[in-house]
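Okay, so TrEMBL annotates it like this:
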- 1-14: compositional bias 'Pro residues' (COMPBIAS)
- 15-31: compositional bias 'Acidic residues' (COMPBIAS)
- 35-45: compositional bias 'Polar residues' (COMPBIAS)
- 76-96: compositional bias 'Basic and acidic residues' (COMPBIAS)
- 236-253: transmembrane segment (TRANSMEM)
- 373-394: compositional bias 'Basic and acidic residues' (COMPBIAS)
- 407-419: compositional bias 'Low complexity' (COMPBIAS)
- 553-572: transmembrane segment (TRANSMEM)
- 578-598: transmembrane segment (TRANSMEM)
- D642, T644, D1053, D1057: Mg(2+) binding site (BINDING)
- D642, K643, T644, E757, F801, K835, R864, T945, G946, D947, R1027, K1033, N1056, D1057: ATP binding site (BINDING)
- 687-697: compositional bias 'Polar residues' (COMPBIAS)
- 698-710: compositional bias 'Low complexity' (COMPBIAS)
- 1110-1131: transmembrane segment (TRANSMEM)
- 1143-1162: transmembrane segment (TRANSMEM)
- 1187-1209: transmembrane segment (TRANSMEM)
- 1221-1239: transmembrane segment (TRANSMEM)
- 1246-1268: transmembrane segment (TRANSMEM)
- 1280-1301: transmembrane segment (TRANSMEM)
Amino acid sequence: MPPPSQHHPSAPPDSPDDSDSELDLDIEELDPTPASGSHASQPKQTEQRAPRIALRTLRMGGLRRGANRNGYGELGRSRAAGEEDAEALLRDEDGNNPRYSDASAGGRDDAPLLSEHGGGSGPRRRRRSFATDNLRVGRLRLPSFMSGTSADHGKDNEQGEEKEEDDPSSSRLVAVGSRQVIRFPPNSISNAKYTAWSFLPVTLYNEFSFFFNMYFLLVALSQIIPALRIGYLSTYIAPLAFVLVITLGKEAYDDLERRRRDNEANSELYTVLQFDEPGVGGAHIRSRKALKSSHVRKGSKRAIPQGDRLSDIREEEEQMEADGSHRFASSHVHEISKKSKDLKVGDVLKLSKGHRVPADVIVLKCLSNEAAAHQEEQQAPPPKEESLLVDHPADPGQGSSQDVEPAAGGAAEGSSNGETFIRTDQLDGETDWKLRLASPLSQNLPIEELVRLRVTAGKPDRKVNEFTGTLELLPTRQDAMSTNTFASSDEQAKAAPLSIDNTAWANTVIASHATTLAVVIYSGPQTRSALSTSPSRSKTGLLEYEINSLTKILCFLTLALSIILVAAEGFGNTKTDVWYIKIMKFLVLFSTIVPISLRVNLDMGKSVYSWFIQRDPGIPGAVVRTSTIPEDLGRIEYLLSDKTGTLTQNDMEMKKIHVGTVSYANDAMDEVAAYVRQGFHLTPSLDQVSNPPLATPTSSSAAGVGAGATRTRREIGSRVRDVVMALALCHNVTPTTEEDENTGKMINSYQASSPDEIAIVKWTESVGLRLAYRDRKSIVLESTETGRVVVKVKILDIFPFTSEGKRMGIVVRFLERLKGEEGDKGEGEIWFYQKGADTVMTGIVAANDWLDEETANMAREGLRTLVVGRKRLSAGEYKEFEGKYKEASLAISGREAGVQGVVGRYLEHDLELLGVTGVEDKLQRDVKPSLELLRNAGIKIWMLTGDKVETARCVGVSSKLVARGQYIHTVEKLRRKDSAQEHIDFLRSKPDSCLLIDGESLGLFLTHYRTEFISVAVKLPTVVACRCSPTQKAEVAKLIKEYTKKRVCCIGDGGNDVSMIQAADVGVGIVGKEGRQASLAADFSIEQFCHLTKLLVWHGRNSYKRSAKLAQFVIHRGLIIAVCQTMFSIAVDFEPLGLYKDWLMVGYATIYTAAPVLSLVLDKDVDEELANLYPELYKELTEGRSLSYRTFFVWVFVSIYQGCLIQGLSQVLTEVDSPRMVAVSYTVLVLNELLMVAVEITTWHWVMVVSIVGTFLVFVGSVPFLGGYFDLAFLMEVGFYWRVAAILAMSLIPTWAAKAIQRTMKPPSYRKVQGI
């Protein structure tokens, strides 16, 4: 740190003095060694003397410097230049008198000496005395030559300070480009369910929350007690441990996969601007860069005279500086790359087109690519200094579009006006591009000076459409990094309000070609999208709950059987056991009734289903992220779908146009192009070549359709020309040029907040009229055939589209010559053009007999209709309107209604109807047949979108979500509770209608009529909800689940769908064009909506039916051996002795029966073609007939019959409690299971054959090793084999016969389908 300069400030005066001497400094006073401590107050007016220098001009040297700055600005200018630049410097953005206002960055004369945090933009303030300023602790700032305090000192202090934790409930101060005093959360995405610490507790809790897992845990623990032990302890511990290892391993694998995918998103690289202290990081000593005003960026060539009066003084001072301090900008900037997870609050991001915004940011600067390149080139010779806050208004005659013909490429978006577009469909589902603006305060700052900015933002919340904040420009970087709150009188000129228009939330996408600089204000879990997303939860399938209920029944049977057997003995006690010990032993012996292997088999089955889904060539790119619920895919009754990117491609195309007497579509558009080509064919005469004429609505070129054209054809040609011109002018589209990545050629493209408008402007270009240039003041159209400008207008007023108004209008003045001045002189035709929804335009256009019919026809085709009209205004009419409009727009109260009243009275009536356009929002591939198939499968489909009501209606019709002729009941902007009840009553009386409801009305229903609304809505075939917030989508999903107890599937592709996906029983994410957030958070990820049909109707159906059969067979396998144990216990005088001990028990449930039973997961009753052809087969699954109490008790009866027969006959045909009896009954038991599997198989697979035959061979091969349990000599006798064959036949034949008779008398649905 350099040593402090030696200076001896004089004592401050007791009171301020108004003398001019305080305003001026002798040249000697500028010497850095002595420094005066007297500082001046705000003057009323100054009178300068030749030998002295106005202190006002010192602001040029100190305006952008902190405590380390040294230099005096352009002090050597002539008096005239000095006065001019001082005025420019003091001029604030509102154009107030500079001498009587406080400019931004210290707008008073003593700013470099006394000001730290800037002044206001209001009228003159009272002067403050130096003593008063001294009392403000930490507010006094000395010029650089009076202080040697290095900026590094503040940096060191900052590093030494302990950061306090962020309090999310309070507002925050964010220093741009600097380290923050408060620690904010990291910017990382996490869809993981567990942490390293929570994995075991949470997974074990989830596992043992299932009754049969807890049951087996208790059984296994009972074997620790010697009195209850039966056989080996491992017989009971090992299966439970195996189940837990398999389940926990699968959960761990799934969660690691989520973390891996999260890591991919978190590792995405972003360019971040790093702001080093001047002279740090290799920055060479140089003069500061020019702080270019917007006027300079617009290409102004105004020369600024170079100063010469003090140039020698500056050189002398720089040579005399003993401490080596030089003039620096506030920072030195260079670019670094950071991973998304490493971004911090305060980081300044450099974003380009197509970049996903990784955190919630405030837009600071928007630069066109040319401007960004120009800024990099500025590193060489330092340009001329100019005031940071000068915002020269663009002179009408200087570089304006009215006077200079622009290039065909159009305006560079976001270059000087701080505009950029973002796409928010991943956040709120809206397809429109949103215009975002940089605050003028930051837009006009050089990049090096951004560190002097500080953002005040509110606490994090989930309101994606609201934001309130403040942007402050402070004198130094250290001030910006402090947490001091400055007096409002000092802030006014240096503070600018921030609104939603200045923000870009996380997961939005930059759509402009401009380079956007933005500062992170909310990161990670505090972003809007994260707060709107519910935490991920562990999902459990419905089949699991059903099996859990059946297990409780089995457990009750076990307890009842144990008590009955002990009671049959009379609750007698023996020397070794008392009666309650016997009950406990029987419970352990009968524990096979509740088969622990059931979980193992089901979990392995789930893994097989997941493997099938991910390897299916018909669903390329499918990913199973939650492998615990594939069976639920076969039980879906409600499908909640997003619209944008899910049902539609968000790709608009103009399909049809109607001009009153004729309609054009498809190939007929060539005829429109011919009319346009002839209608705008302007041939200038010899004297007009330098200034050719332009087309206007009343120009005679409309008649030039052809010499032989009929009157009707000329009229049609004129109408087509007028409607094409209207569509080419009435919009908010900006043309841009971009370089094709493949060819390197420059191509034209368009930017707008509405894809509909882009589609229409592209259509006008395709028929011959191209939008060549557009700014806020003018529009230029050119012929695509000749490339010549054919229409040029001056924009007088624009009335943008609103969801309430449902229309947009524009007032333009036509120029008759390319270089004419009619627009500036107030001459030229004035026309009002308007387009909007037919519902509002019907009452605005003049009476006609075709509008309603044609819009209805287009709506039935699923097209988005817009009605176009126009009206000519005389100069007097427009002048009168302009006066009234301005008067209404200045009203304090009732402004909006007043403005709309003026527009309606003067413009919006009796418009000439020009035509109707039909725009199609392209649907995703095979959406129509997919929705029809799902509906036939008994699935009720809801569409939840954040988009507009009209858009949702059109997509609902075009996608066949709404059936042809189906009544659509629209509930919009509902605010009264009594009206809500009326709508519910109507829907109850018309249950076959489609409900179209907006988010506001939905919120009212959910608040006041929650149960009544959902009871009616779930019975409707289709519900379309528009303008839904992410939380509303999730709430609807939860409400349907709670009320119906049915399975709900949610599908979406955007970040705004994550909450809904996670709230659903089954969440399906589509890998969207703009991101993978929905896909990452979903249980299943697919690439197209049409893949959902195969996922549900084929894989879902198979998974459920296979698991249902597998579960019942495993229960049968455990129950039959328990019945055998019961029969044996009865035969041995009700003693709790084990029939099959140790290995026989373990082997029966594992190697002797596991593979054949598990092979049932390959079974299928119909092939894929039939499943798609008859989706009604899916419908019967929702009733749960495959696994119900009825089927369960059928299997219980079969198990009791077979168990009693096998064990009873074995005991009768051999002696009780002998190795011979064990050999016969055990062999029959194993063979019975193998053959039962074969009987249950519908469609054979080679794996099934191998497993059954292989298991049989394994059993035969293991018999010689079972001498400890079997009488091996008896196995060599014929008596063994006839006993086994006889018992097996009596066990299987009745069971098989009963099944065959049932299939004949009452065949299942799949049998009927196969028979067709």
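Cβ from N, Cα, C; glycine included.
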Does the transmembrane segment (1246-1268) reach the transmembrane segment (1280-1301) with at least 3 CB pairs under 8 A, where each pair is 6 or more residues apart?
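By the criterion, they do not touch.
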Fill in the CA-CA distance, N1056 (ATP binding site) to D642 (Mg(2+) binding site), as an integer in Å.
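Roughly 9 Å, rounded to the nearest whole number.
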Other than its close neighbours in sequence, what residues sit by the transmembrane segment (1143-1162), given a CB gap under 8 Å and a spacing of at least six beyond its ends?
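Distal contacts: 231, 235, 238-239, 592, 595, 597, 601, 604-605, 608-609, 1106-1107, 1109-1110, 1113-1114, 1117-1118, 1121, 1222, 1226, 1229-1230, 1233-1234, 1237, 1240-1241, 1245, 1247-1248, 1251-1252, 1254-1255, 1258-1259, 1262, 1266, 1269.
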Taking the transmembrane segment (236-253) as the reference, which of 553-572, 578-598, 1110-1131, 1187-1209, 1221-1239 gives the largest number of Cβ pairs under 8 angstroms?
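Most contacts with the transmembrane segment (236-253): 578-598.
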Report, as a single number, how many Cβ atoms besides its own are within 10 Å of the Cβ of D1053 (Mg(2+) binding site).
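Its Cβ has 34 other Cβ atoms within 10 Å.
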Should anything in the same chain at least six residues away from the transmembrane segment (553-572) have a Cβ under 8 Å from its Cβ atoms, list it; otherwise answer none.
211-212, 215, 579, 582-583, 586-587, 590-591, 593-594, 1115, 1119, 1122, 1126, 1129-1130, 1133-1134, 1192
Given a Cβ distance threshold of under 8 angstroms, which distant residues of the chain, six or more beyond its ends, lie next to the transmembrane segment (1280-1301)?
1198, 1201-1202, 1205-1206, 1209-1210, 1213-1214, 1220, 1223-1224, 1227-1228, 1231-1232, 1235-1236, 1239, 1274
Using a Cβ cut-off under 8 Å, which residues of the same chain at least 6 positions beyond either end of the transmembrane segment (1110-1131) come close to it?
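Answer is 543, 547, 550, 554, 558, 561, 565, 568, 586, 589-590, 592-595, 597-598, 601-602, 605, 1137-1140, 1148-1149, 1153, 1157-1158, 1160-1161, 1187, 1191-1192, 1195-1196, 1198-1200, 1202-1204, 1206-1208, 1211, 1216-1217, 1225, 1229, 1232-1233, 1236-1237, 1240.
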Which of these binding-site residues is closest to R864 (ATP binding site) if you go by CA atoms: T644, D1053, D1057?
T644
Tell me the Cβ neighbour count for R864 (ATP binding site), meaning other Cβ atoms within 10 Å of its Cβ, over all protein chains shown.
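Result for R864 (ATP binding site): 24 other Cβ atoms within 10 Å.
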Taking just the CA atoms, what is the gap between D1053 (Mg(2+) binding site) and G946 (ATP binding site) in Å?
13
Whole-number answer please: how many Å between the C-alpha atoms of F801 (ATP binding site) and D1057 (Mg(2+) binding site)?
26
In whole Å, note down how far the CA of D642 (Mg(2+) binding site) lies from the CA of R1027 (ATP binding site).
11
Where D642 (Mg(2+) binding site) and G946 (ATP binding site) are concerned, what is their Cα separation in Å, rounded?
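The Cα atom of D642 (Mg(2+) binding site) is 8 Å away from the Cα atom of G946 (ATP binding site).
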Among the binding-site residues listed here, D642, D1057, which has the most company in the form of other Cβ atoms within 10 Å of its Cβ?
D1057
Got a sec? Which of these binding-site residues, T644, N1056, has the most Cβ atoms within 10 Å?
N1056
Run through the Cβ atoms and count how many others sit within 10 Å of the one on G946 (ATP binding site).
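Other Cβ atoms found within 10 Å: 28.
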Quick one: Cα separation, T644 (Mg(2+) binding site) versus G946 (ATP binding site), in Å?
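Cα of T644 (Mg(2+) binding site) to Cα of G946 (ATP binding site) measures 9 Å after rounding.
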